[in-house]
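According to TrEMBL, the protein carries these features:
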type	residues	note
TRANSMEM	A:7-34	transmembrane segment
DOMAIN	A:8-418	domain 'TRAP C4-dicarboxylate transport system permease DctM subunit'
TRANSMEM	A:54-74	transmembrane segment
TRANSMEM	A:135-158	transmembrane segment
TRANSMEM	A:170-195	transmembrane segment
TRANSMEM	A:215-236	transmembrane segment
TRANSMEM	A:242-265	transmembrane segment
TRANSMEM	A:277-298	transmembrane segment
TRANSMEM	A:304-327	transmembrane segment
TRANSMEM	A:334-350	transmembrane segment
TRANSMEM	A:356-381	transmembrane segment
TRANSMEM	A:401-422	transmembrane segment
Amino acid sequence: MIGYITAGLLGLLCLSIPVGIVLFLLGFGIDAFFSPFPLTKGLGNLVWSTSNNATLIAIPFFVLLGEILVRSGIATRTYAALDRWVSWLPGGLVHANVATATMFSATSGSSVATAATVATVAMPQAEKLGYDPKLFSGAIAAGGTLGIMIPPSINLIVYGFLTQTSIPRLFLAGLVPGIALALAFIAITAILCALRPELGGQRRVFPLSEMLRALLELIPIILLFTIIIGTIYQGWATPTEAAAVGVAGAIAIAAMFSGVTLAMLREAILGTVKITSMIMLVVIGASFLNFTLASAGIGRELQAFLEGLGLSPLAFMMVVVLIYIVLGFFIETLSLMVITIPIIVPLVVAQGFDPIWFGILMIVLIEMALITPPVGLNLYVVQGARRSGRMSEVMIGTIPYLLMMLLMVVALIAFPQIALFLPDALQ
Amino acid sequence: MAQDLLSTLRRVNRVVALLVGVLLMGCVAFVLADIVLRQLGSSLGGTDEISGYVMAIATAWGMGYTLLELGHVRIDLLRSRAPAPGRALFDLAAMLALAGTVTLIAIRGWPVLSRSLANSSRANTPLETPLALVQAPWLAGWAWFAVMAWLTFVAAVILVLRGDFKASEATIGTFGELDALK
Amino acid sequence: EDLSVVGSWSGLPLHMEFEAPFWSEKLPAASGGNLNVALTTHNQMNLGVGDVFRLLGDGVYDVAMTVADYAVADAPELEGLDVPLLALTADEARAMVDAARPMVEDIYNARFNSHVLAIAPYPPQVVFCNAEINGLDDLAGKKVRGSGRMTTLFLEALGAEGVNVSFSEVPGALQKGVVDCAITGAGSGYSAGWWEVSTHLLPIPLGGWDSVVTAINLDKWNSLDDATKALIEESIATDFEGPAWAAAQGALDNDIACLTGNGACASGDARSMTLVSVSDADFAKAREVLVGKVLPDWAERAGGDWAQRWNDSVGKTVGVMIGG
Ligand code: NA
Ligand code: NA
């Protein structure tokens, strides 16, 4: 069955059938060949239940928030301001991509929305300043993944929901690894560009006065971050509701700093509807595929496999990491979580691991899945914002950042306190 | 004629997408109102439930707009290496797969609604929302998506048969001259 | 014969200790290898909880089990299976469920094209509060997180305000005062750490017992021969339903001991929540609200002669009459 899925997925994707539709077609195939039951009869219910979901509404809200920041010019100004601070490093503007992505991650719960926001403002710069498109776009795709690690995070909300762990604790646990990953991205960029200067653009040093003035441009985004996180930790809003607070906050802040027009809102809405439907077709298709896979017994296969190995906790964790990396190539991130959490988290907890810690480890693995082909939403989003060039360039550009994520996986396993220190200290 | 049809579809779906946006904004306002009222010691109740319905309906009705804006993700690995007529074949095959699948979803969605009608089902919540009331617009959205897909497919077939590959690529290709995120 | 079976929440003891062993080992063994079972759970399939019995009726799988309360959207009359506060012990709950069984069978036949094989309990849904309460009266004016329609309506009839918070957000909500109290199974509250953020435990089933119904698609059932039918019914009663009920009271006592430190806790460290005792006067008052408001409302929602049937079966067992 796993062979069929892999071959079918690759074959259909090569035909350039829309990714969401491919997932449905595979589900129909599993129904026809691997299940004696008429699973397709459940299609309507699956589509209804998957989309009738109050948690998922955070996706359009976060995308809309990002769109408003872009259309109001706040995103561009944030980007320019961060550029003043980081482009003295070897690699120049590439660092601004990572820094801007990190900043927006703190206001957005979605990696795709984060990548879309940064790509829209950054891409025109790359062409203007003559950057190597690979590393430049790779940095956006990878930096965007921080959107689900640095709070708020839709994926951590889903994890908390499915494993019945505390969402605010998960958010706290993601903060340090998220910032550490951002620093690791900046470090690897600097190292690469120091070794091969042609990868980055010009290093530019700005006078201190200009750097300090640039800080003012960060006020809107910091304000927005404070509003979103503040409402969660004050207990005024649940993490999902905070996405709506973020939208309202973004409109208010945009009105305050640069003005809001009806035309601008219209464009923001159109962009939001387009990205949301694009994501949801994949999410719904993945949910249907998951349903057919579970009915056909993939959960049993996986569980029997893991339990049959009889491994030590550490070796067991390595196998789990490997499974996520492999599945991450093919499965969209929310589906990947939904498919695997009910099977894997109980086994992980039974081995004595902390579920909050594992949530953070899983997020790193899911971040990797977002930028590994063939199913890597952030790659598509960044490619979509480019006007030319091959998708493969974006993929190659993410490789150094993938290595950093792998390093983070190792670090989290070796030192669980990286994730657990903050929530433990604040309880 | 094919071009007229397509530009009409684009125009109509733009309006639909804006209405979806208004629905989402309404939901933002509703959630905010509830948060504020909670601070004052009362509550509208059921924001969770209503957000879910909004998500289902908004998702379904936004699909057609995304389709016409070439927004549904496709992998361009082999296709981009083919000559124009070959690319057109890839596109038609992909469009056919999409239209067929979406039609099946719409057909299989009917029992969901009809069972809710037959049982007069109401949500297991204090709001007791009649499920048919929210499932009907949801299903209509998927039916709309299916109709959009078939009409687009027909228009593209006409363009391809006429040998107008440039126009067909702009209709059912990948990105084309339209920027995916603009 | 192959059976495709969809179990209830995979992480809860009912599935791990009773469902899974019964369907994957005991039943196949009892049939001498004639029955092959493929078992998954509705959360592993990512099914909406309201779809579990709908899809069973459509024949998407053969057997399904989940909380009856999840299906009341399609069958309001099913709410009568699990009325809050009528049964205080596992024995009483079982008597109530047994009395309701013929009604439940009719509901499942008509609404979900399926036949009821068993009804087993989740632990009763008790009240955790992060505020001093000394009895039911003190719930009035408090913000309480409940789940399900009848529980919420009951809370509101008691003067409390029903607030909708998802399970995983409850600890934060209790800590921040978004809610004052929340209802869940005693065991779930213990393992999810609710004792960290709440002080008082009201150990009465204000949310009912959350009965879990196991049902089989009616066409599938009718296609089985009599010997197989008898085998399934017999072994599910003795190897699943019986043991699950037998363990229920012990589990409740254990969970309460774990939360309050009164008695031995077999699940881990005992905690020190304050156990609130409920006086007879409190009970009498709650029943009054139940009989005067909550049950008549339900009778109206359910329509037909369901109230009459309920009076003649469940009502007789627990000593409560609707409209009497
Ligand atoms: Na974030
Ligand atoms: Na991937």
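Cβ coordinates are placed from backbone N, Cα and C, and glycine is handled just like the others.
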Between the transmembrane segment (A:277-298) and the transmembrane segment (A:242-265), are there three or more CB pairs that fall under 8 A, provided the residues in each pair are separated by 6 or more in sequence? no
Counting Cβ pairs under 8 Å that sit 6 or more residues apart, are there three or more between the transmembrane segment (A:170-195) and the transmembrane segment (A:356-381)? yes
Grab the pLDDT values for the domain 'TRAP C4-dicarboxylate transport system permease DctM subunit' (A:8-418) and give me their mean, rounded. 87
If we skip the immediate neighbours and take only residues 6+ beyond the ends of the transmembrane segment (A:356-381), which ones have a Cβ under 8 Å from one of its Cβ atoms? 9-10, 13, 19, 111-112, 115-116, 119, 138, 141-142, 144-146, 148-149, 153, 155-156, 159-160, 163, 165-166, 169-170, 173-174, 177, 181, 275, 279, 282, 321, 324-325, 327-333, 336-337, 341, 345, 348-349, 391, 394-395, 398, 401-402, 405-406, 408-409, 412-413, 416, 419-420, 423
Sequence-distant contacts of the transmembrane segment (A:401-422), meaning Cβ under 8 Å and at least 6 residues beyond its ends, amount to 138-139, 141-143, 145, 172-177, 180-181, 184-185, 187-188, 314, 317, 321, 354, 356-357, 360-361, 364-365, 367-368, 371-372
Mind checking which residues of the chain, 6+ beyond the ends of the transmembrane segment (A:304-327), have their Cβ under 8 Å from one of its Cβ atoms? 336, 339-340, 344, 347-348, 351-353, 361-362, 365-366, 368-369, 372, 409, 413
